[in-house]
Amino acid sequence: MASSSASTLSLLILSITFFLSLNLITTQTQASNMILTVVNNCPFTIWPAIQPNSGHPVLEKGGFALHTLSHKSFAAPAQHWSGRIWARTGCTYTHTGQFSCATGGCGGKLECDGLGGAAPATLAQFTLHHGHSDLSSYSVSLVDGFNLPMTVTPHEGRGTCPVVGCKADLLSTCPEKLKMRCPAGHGPVVGCMSGCEAVGSDQMCCRNHYNSPQTCKETEFSLFFKHACPATFTYAHDSPSLSHDCSAPRELKVIFCH
């Protein structure tokens, strides 16, 4: 009788071990199979850029050209990764061979290779593969201003996985004080600056005394962005609930001019 009980217990342990191993393999496979896709629905070429946070690898050399009505898909890191994606606009090579952009430029380079972009730029922010259920967090930020409409769309994830972003073209409604023109002063509006970029004060930039949830508050300029695109971050200490945790999405799609 004791031998039979021991045998049953051994089989139960083996079954549980097999189930846990299979579940771990499935989770790892899902993580390694995640795809990041960047879509250009704008009626002109854009130059998407990718910057990892410190300690994480650069993806796709940090930047590339994307022609109108085209997309680029690539494998997401299989391990924990965080960073941001944005688009550069109005880019050309100068007579000296430097790569120059009207918005979002990263130091005169086509491939940003880990460098950040110049404001104003609409940003998609990601933290991939964290937590016990392979969560991927994503959000869209206008804290650094706006240059193109952008959304992030998850596919085949579990949990809370909404489409977020800003579909409005804020260049046409941007307050005069926030307008960025190219050429400067008299050219067309190519970006809508943040209050921090336009004014530069500690209060507008949530710096020093204002760098806390208690002292960093909405301003007339951040409210312009918030009213137009409520599902985006619009100032440094905006609500953390604007970032969404989606479990094991098969694909995260960044769409410009959605």
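Cβ atoms are placed via backbone N, Cα and C, with glycine included.
The following features are taken from TrEMBL:
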type	residues	note
SIGNAL	1-31	signal peptide
DISULFID	CYS42-CYS257	disulfide bond
DISULFID	CYS91-CYS101	disulfide bond
DISULFID	CYS106-CYS112	disulfide bond
DISULFID	CYS161-CYS246	disulfide bond
DISULFID	CYS166-CYS229	disulfide bond
DISULFID	CYS174-CYS192	disulfide bond
DISULFID	CYS196-CYS205	disulfide bond
DISULFID	CYS206-CYS216	disulfide bond
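Within 10 Å of CYS216 (disulfide bond), judged by CA to CA distance, lie the following disulfide-bonded residues from the set CYS42, CYS91, CYS161, CYS166, CYS174, CYS205: CYS205. Cβ neighbour counts within 10 Å, taken over all protein chains shown, single out CYS101 as the most crowded of the disulfide-bonded residues CYS42, CYS101. Of all the disulfide-bonded residues in the list CYS106, CYS174, CYS206, CYS246, the shortest Cα-Cα distance to CYS257 (disulfide bond) is found for CYS174.
In this structure, of the disulfide-bonded residues CYS106, CYS112, CYS192, CYS196, CYS257, the smallest number of CB atoms within 10 A of the CB marks CYS257. CYS161 (disulfide bond) has a Cβ environment of 20 other Cβ atoms inside 10 Å. Counting only the Cα atoms, the space from CYS166 (disulfide bond) to CYS112 (disulfide bond) is about 24 angstrom.
For CYS91 (disulfide bond), the nearest of the disulfide-bonded residues CYS161, CYS192, CYS196, CYS206, CYS246 in terms of C-alpha separation is CYS192. Residue environment of CYS206 (disulfide bond) contains 22 other Cβ atoms, counted within 10 Å of its Cβ in all protein chains. Nearest neighbour of CYS106 (disulfide bond) by Cα distance, taken over the disulfide-bonded residues CYS42, CYS174, CYS246: CYS42. A gap of 15 Å separates the Cα atoms of CYS192 (disulfide bond) and CYS101 (disulfide bond).
Looking at CYS196 (disulfide bond) and CYS101 (disulfide bond), their Cα atoms lie 21 Å from each other. With respect to CYS112 (disulfide bond), the closest of these disulfide-bonded residues in Cα terms is CYS205, chosen from CYS161, CYS205, CYS229, CYS246.
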